[in-house]
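Heads up, the thing below is written out as structure tokens.
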Amino acid sequence: MARYMLLLLLAVWVLTGELWPGAEARAAPYGVRLCGREFIRAVIFTCGGSRWRRSDILAHEAMGDTFPDADADEDSLAGELDEAMGSSEWLALTKSPQAFYRGRPSWQGTPGVLRGSRDVLAGLSSSCCKWGCSKSEISSLC
């Protein structure tokens with residue numbers, strides 16, 4: 001009787017997965033833990049992979065010949081460009097870059113905005129290292 005109880009206990013233990021080989025190697029339920037260089041490589045692979053370039057090429061091919069008469073207008077546009085470059089406004093802007101930027105808000109006035117994406121990256125990298133993250137979370141950085 002004790003022998004059957006021991007076999008029953010052993011069977012329950014095996015069925016719960018405690019003795020299966022690979023039970024220790026299961027992935028974390030949240031995602032893959034990536035720290036340091038591995039996190040950066042995963043971001044580069046996800047954001048700069050061939051999938052993104054391929055989608056750009058396919059989108060361009062799908063557009064096809066959207067502007068068939070663009071070549072005919074090219075000569076007239078080139079003439080207008082030469083005329084505009086000879087104007088006094090263009091010459092004033094090329095001689096004085098400050099005149100172009102006068103009256104526009106400076107990027108130096110909002111340093112918090114520039115650091116925002118960097119803070120998101122730092123937060124996601126530390127959480128990916130501690131708890132793991134999914135590919136969709138990494139692709140949110142693209």
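Cβ coordinates come from backbone N, Cα and C, glycine included.
Predicted, not measured: the structure shown is a model, and the values here were computed from it.
Swiss-Prot records a disulfide bond between Cys133 and Cys128, which is the match among Cys128, Cys142. For Cys133 (disulfide bond), other Cβ atoms within 10 Å of its Cβ number 22. In the three-state DSSP classification, Cys133 (disulfide bond) falls within a strand.
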